[in-house]
């Protein structure tokens, strides 16, 4: 078996990726989230496939087909809530994974990092089109508001919006194409994830110390397979607690009402994992400015390798940047909270301050902290 594992054309790839892969001996539990994202993607594809067998992407029957899945299909309620809450777990793992990359300086593996940003954007697109499918009030109005933002693009904006809608409003054509996108995108994510791994294994993993670990590597299996298995069990436990005890805690009550173009909900808001970006979008009074800020709130991650001038890898021995990092995380939580609040004082003001701080920390404060820390190093 050992010889076959190392010589067989297909098994050889699996062997070099998951079994005999030389891995730093000191990577902590923060490195578990990559494998957890893989598991989340598998759960989403499997549950999504079974949901697609019973779902109908027609404005007249979409809402009732979801109700039918929950009521009449064997374990349909379980599949549906695994899929809905699985998306939340996916994003929790995604945010922690990106946060770990920022904290430990993994962005210096620039190809892996850039593919990761593409993965992040693709996952956000998938979640957005997926949220439209149940055709509840928030699905419909969320789709209307967010797709309408494209009209802010000069000259081609309005044409682009109508092209995406497939008509003059969000209707049957929109729902149909969103279902098609939602079905295909996870497979594109899976393909990008393989490229992500390919680039990662080209350079080898980073580690908490930020030092070169070539002299101290251990095989991935059994050490990290067991460690990942523990993470997977914890993830599944949290997911099952959510699904079986609090299935609707992260959903919006408005989505239990069928979509009605004549009745606008009091507060239109996306799922919780988009609220930080939604708060940044709303904090700018100008439509085009808001759209640009929304896009930049994600694309700004690409500036991390460019703006980093530190002589050290990661933040483990950099107290000033460490403080900034945790202020950044707190600010992100504030933005998430603001995104779910109505557009009125004091929420708008807090949102504007938090949005400015979001960009200021990354573009101005962190590079300054880098220079200060480099100078402190020279003193010693």
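Each position is counted from 1, following the chain as shown.
Keep in mind that glycine also has a Cβ here, set from the backbone N, Cα and C atoms.
For the ranges 263-283, 347-367, the feature annotated in Swiss-Prot as transmembrane segment maps to 347-367. Feature annotation (Swiss-Prot): of 157-177, 178-198, the stretch labelled transmembrane segment is 178-198. Annotated range for transmembrane segment in Swiss-Prot, selecting from 205-225, 226-246: 226-246. Which of 113-133, 134-154 counts as transmembrane segment depends on Swiss-Prot, and there it is 113-133. If you look at the transmembrane segment (113-133) against the transmembrane segment (320-340), you find fewer than three C-beta pairs under 8 angstroms, all six or more positions apart, and that falls short of contact.
Sequence-distant contacts of the transmembrane segment (320-340) (same chain, six or more residues past either end, CB-CB distance under 8 Å): 99, 102-103, 269-270, 272, 274-280, 282, 310, 347, 350-351, 354-355, 357-358, 361-362, 365-366, 369-370, 372-373. Across 178-198, 226-246, 347-367, the stretch most heavily in contact with the transmembrane segment (288-308), judged by Cβ pairs under 8 Å, is 347-367. The largest share of C-beta pairs under 8 angstroms with the transmembrane segment (226-246) comes from 77-98, of the ranges 33-53, 77-98, 178-198, 347-367. Of all the binding-site residues listed here (83, 97, 182), 97 has the Cα closest to the Cα of residue 201 (ubiquinone binding site).
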